[in-house]
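*Asks:* For reference, the structure I am asking about is given below.
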Amino acid sequence: MRATAIVLLLALTLATMFSIECAKQTKQMVDCSHYKKLPPGQQRFCHHMYDPICGSDGKTYKNDCFFCSKVKKTDGTLKFVHFGKC
């Protein structure tokens, strides 16, 4: 009984550690692949939920929509630095 409890506790601990690592990995980059480059003069309408992203140009973007729009506009020269303010 005691050995079963220890094995179960160990399995639960490992599962928790792996799920935390997976959650960290999913939010280490911004995926701009689903944003298309717009024709000249056309604007993208982005939601205004604040989830800041720091770009390689030293600017803080409100969220992934604003950041990815700029990435597409610059043909990929703008790079992701980190989540949060610059």
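Note: Cβ is positioned from N, Cα and C throughout, glycine not excepted.
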*Asks:* From the list CYS32, CYS46, which cysteine is recorded by Swiss-Prot as disulfide-linked to CYS68?
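*Replies:* In Swiss-Prot, CYS68 forms its disulfide bond with CYS32.
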*Asks:* Among CYS22, CYS86, find the residue that Swiss-Prot gives as the disulfide bond partner of CYS54.
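*Replies:* Among CYS22, CYS86, the cysteine that Swiss-Prot links to CYS54 by a disulfide bond is CYS86.
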*Asks:* When you check Swiss-Prot, which of CYS22, CYS46 turns out to share a disulphide bond with CYS65?
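*Replies:* Out of the candidates CYS22, CYS46, the one Swiss-Prot links to CYS65 is CYS46.
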*Asks:* Which disulfide-bonded residues are spatial neighbours of CYS32 (disulfide bond) here, meaning Cα within 10 Å, out of CYS46, CYS54, CYS65, CYS86?
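*Replies:* Passing the 10 Å Cα cut: CYS65.
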*Asks:* If you count other CB atoms within 10 A of each CB, which of CYS65, CYS68 wins among these disulfide-bonded residues?
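*Replies:* Counting Cβ neighbours within 10 Å, the top one is CYS68.
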*Asks:* Round to the nearest Å and give the CA-to-CA distance linking CYS54 (disulfide bond) with CYS68 (disulfide bond).
*Replies:* 12
*Asks:* If you draw a 10 Å sphere on the Cβ of CYS54 (disulfide bond), how many other Cβ atoms land inside?
*Replies:* 17
*Asks:* Per DSSP, what is the helix/strand/coil residue tally across the domain 'Kazal-like' (26-86)?
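*Replies:* Within the domain 'Kazal-like' (26-86) the tally stands at 11 helix, 9 strand, 41 coil.
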